[in-house]
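Trainee: Can you read through this structure? Questions will come right after.
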Amino acid sequence: MVAEESGPGAQNSPYQLRRKTLLPKRTACPTKNSMEGASTSTTENFGHRAKRARVSGKSQDLSAAPAEQYLQEKLPDEVVLKIFSYLLEQDLCRAACVCKRFSELANDPILWKRLYMEVFEYTRPMMHPEPGKFYQINPEEYEHPNPWKESFQQLYKGAHVKPGFAEHFYSNPARYKGRENMLYYDTIEDALGGVQEAHFDGLIFVHSGIYTDEWIYIESPITMIGAAPGKVADKVIIENTRDSTFVFMEGSEDAYVGYMTIRFNPDDKSAQHHNAHHCLEITVNCSPIIDHCIIRSTCTVGSAVCVSGQGACPTIKHCNISDCENVGLYITDHAQGIYEDNEISNNALAGIWVKNHGNPIIRRNHIHHGRDVGVFTFDHGMGYFESCNIHRNRIAGFEVKAYANPTVVRCEIHHGQTGGIYVHEKGRGQFIENKIYANNFAGVWITSNSDPTIRGNSIFNGNQGGVYIFGDGRGLIEGNDIYGNALAGIQIRTNSCPIVRHNKIHDGQHGGIYVHEKGQGVIEENEVYSNTLAGVWVTTGSTPVLRRNRIHSGKQVGVYFYDNGHGVLEDNDIYNHMYSGVQIRTGSNPKIRRNKIWGGQNGGILVYNSGLGCIEDNEIFDNAMAGVWIKTDSNPTLRRNKIHDGRDGGICIFNGGRGLLEENDIFRNAQAGVLISTNSHPVLRKNRIFDGFAAGIEITNHATATLEGNQIFNNRFGGLFLASGVNVTMKDNKIMNNQDAIEKAVSRGQCLYKISSYTSYPMHDFYRCHTCNTTDRNAICVNCIKKCHQGHDVEFIRHDRFFCDCGAGTLSNPCTLAGEPTHDTDTLYDSAPPIESNTLQHN
């Protein structure tokens, strides 16, 4: 007959209904009187145990069995389990020492789970392997076969705060015999009093319920932990309406509080005396552990957690400090501590304040959706912040002010409703290897005499700029990757003077580095590339030093000086820009030294609109247009530059341009080494102009020049060409050994288009043919006049730079000296003007 079960283990039991076979002898161990002794009992995983065979009266002679006297051998496992279900923990441990079978059954996890939940209420085992360490586990994933029993052992000697249960417990001593090590109290204050009177060792379990207005001042190393089913901290709520909910005082060095909700909920939420009241108050010379707590304060005048004073050094971990009506966590007055893996969100003021030499270590906290700043360090506050996720705060993610000096490492600071990091009023700090992105304002903002270190960060995809340094700001900006920002990657203004080095500033929707309003700074060894506007702007009285940078592949200008922008540009590589490598305009007067400027789709250096500048010892080559353009009343100084292998001219001076050109080497350029036009008047001294593929120097369109001590040699078209009406001042020039291809072509009767094609402009006598109805924009070389237009009504135009339209095939009659027409030259009449930057349109 099958026994009917009603006790624990009746459902889904691993033990099948069966009787034991008779054994010749049994194994037993001495009975222990405590849980410590029970820990040595033999335990096995019974879920996979082989099923015992039923005992048949026909197959065994029961009267002859040597173990007949042991009735328990004949009981089914389920019956034994039913009996064991009425035992308490110490009796179970004693039963486990009787024999191997009892050891197996008395260690049944279901028995221990029932006992465990009856005492501690946890629906998952709470492990306590060492002082100050508690954590819950999933039983199925734990390596020990009976985690319920193991946790019971670890938590056994403790006091329980369980309102209403103490009277029942002490009124039924027989029912709870063996639980003398457990104490029960109705209030937390009573339990703390029991610790002071040494009734127990200081482990307090606070069971489910709301505990209001208790006086919880902790002056000893007690351990207080919530005990409840499900999510423990939601079920154990301790609140105060008049005073700080928990106060840790000297003597509580190793105290532990965990797995509960701690609230400060005053009736008058704005009363001024509450500014000294908090959910948690941790004072001098104590280092408690606060673990897995939910912390809430509705008070508008005091922080939720306040850690203050020398020697205050708590560990606060896995806590949720949210929805508070003031500051979440406040660390001040030389306090320290370790704060790890906390959730800090939706607080009315800063998520964290650090002030007055507070110096915490804050790791892996999630600080978000604050109604103010995320982290605020000020008044000499410090701290080490590592691997925190700081985002979606209403003001900056991280603010540093008034001599504060935090270290922020490998954090993510993003999606701020204003900026990412804000350092002001003499703030300092080290910001290292962080990701700063998608903030509405600047990723990093440094102002008002602040001097932080910004190293190794990724600053990207901001809705404004990357790093802004304003208002006498300083700082070291080093080794950062700054990209994809809507405005300038770095902006320096109003007397600020940072050091900017080893950064990559690229792919911005605006410019790379913008220095304006008397900005300064040392900008060296950066790579600035692929920005939509200028790689570097310098304007409005600014004087930065740019040294050893690589500025390249921009969609406009490389470096742009305008509106009295000054400074030093030296030892840089500036290349492959869609516009000029360098532009100087409107009173700007930089010193440009020892740079390599090449590969531009426009000119190398463009000086225009009254620009100045001292341009010395540069190498300017392989630009699509002139190596240097000087225009519109500009007056730079060029010394000792090498300007070569340009796809247009070497130096072009137009529209009233002036300048001093001294000791430059100008060679191997496709057009004239120096072209001077349209009322310009430069001074050229001691230059060498040679090996050009066109003329050495050409002067035209009412321009003049002073030429002293120049050497002009081995140029293809010739050395010096002066258009009609041009007068120059010349002294001690050497014009020698030029190839004179123009004169040779004329003397051989060739059309000059033969040597120029439509890409060059040889200077010689040019004419117009009235018979062929040529326009004012057509010109015919002297040999075509003699041969192709012989007998026509012709008119001498002037000695100047043209190419022959007859030889180009653009006239009605074919040229008899040249080949087939190759190109329409009506619109190709002079060197193409450089493209001027439209950067200002985007300011």
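Cβ atoms here come from the backbone N, Cα and C positions, even for glycine.
The structure displayed is predicted, hence computed values, not measured ones.
Feature table excerpt (Swiss-Prot):
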COMPBIAS  30-45  compositional bias 'Polar residues'
DOMAIN    69-115  domain 'F-box'
REGION    1-63  region 'Disordered'
REPEAT    380-402  repeat 'PbH1 4'
REPEAT    426-448  repeat 'PbH1 6'
REPEAT    449-471  repeat 'PbH1 7'
REPEAT    472-494  repeat 'PbH1 8'
REPEAT    495-517  repeat 'PbH1 9'
REPEAT    518-540  repeat 'PbH1 10'
REPEAT    541-563  repeat 'PbH1 11'
REPEAT    587-609  repeat 'PbH1 13'
REPEAT    610-632  repeat 'PbH1 14'
REPEAT    633-655  repeat 'PbH1 15'
REPEAT    679-701  repeat 'PbH1 17'
REPEAT    725-746  repeat 'PbH1 19'
ZN_FING   749-820  zinc finger
Trainee: Could you tell me the mean pLDDT over the repeat 'PbH1 19' (725-746), as a whole number?
Mentor: 95
Trainee: Output the single range from 449-471, 541-563, 679-701 maximising the number of Cβ pairs under 8 Å to the repeat 'PbH1 19' (725-746).
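Mentor: Between the stretches 449-471, 541-563, 679-701, 679-701 has the largest tally.
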Trainee: Below 8 Å between Cβ atoms, which of the listed ranges 426-448, 541-563, 610-632, 679-701 makes the most pairs with the repeat 'PbH1 9' (495-517)?
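Mentor: It is 541-563, which has the most Cβ pairs under 8 Å.
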Trainee: Could you count the residues of the repeat 'PbH1 11' (541-563) that DSSP puts in helix, in strand and in coil?
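Mentor: For that range the per-state counts are 0 helix, 10 strand, 13 coil.
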Trainee: With DSSP as the reference, give the number of residues of the repeat 'PbH1 4' (380-402) in helix, strand and coil.
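Mentor: In the repeat 'PbH1 4' (380-402), the DSSP-based counts are 0 helix, 10 strand, 13 coil.
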Trainee: Could you give the residue numbers and ranges of same-chain residues that sit at least 6 residues beyond the repeat 'PbH1 6' (426-448) on either side and whose C-beta is under 8 angstroms from one of its C-beta atoms?
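Mentor: Hits for the repeat 'PbH1 6' (426-448): 377-378, 396-398, 400-420, 454-475, 482, 485, 491, 496, 498.
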Trainee: Should anything in the same chain at least six residues away from the repeat 'PbH1 10' (518-540) have a Cβ under 8 Å from its Cβ atoms, list it; otherwise answer none.
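Mentor: Result: 469, 488-489, 492-512, 546-567, 574, 577, 588, 590, 837, 839, 842.
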Trainee: In the repeat 'PbH1 6' (426-448), how many residues does DSSP put in helix, strand and coil?
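Mentor: For the repeat 'PbH1 6' (426-448), the helix, strand and coil counts are 0 helix, 9 strand, 14 coil.
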Trainee: When secondary structure is assigned with DSSP, how many helix, strand and coil residues does the repeat 'PbH1 17' (679-701) contain?
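Mentor: Helix, strand and coil residues of the repeat 'PbH1 17' (679-701) number 0 helix, 11 strand, 12 coil.
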Trainee: Counting only residues 6 or more past its boundaries, what in the same chain has a CB within less than 8 Å of a CB in the repeat 'PbH1 13' (587-609)?
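Mentor: For the repeat 'PbH1 13' (587-609), the far contacts come to 538-539, 552, 558, 561-581, 615-634, 636, 643, 646, 648, 657, 659, 834-836.
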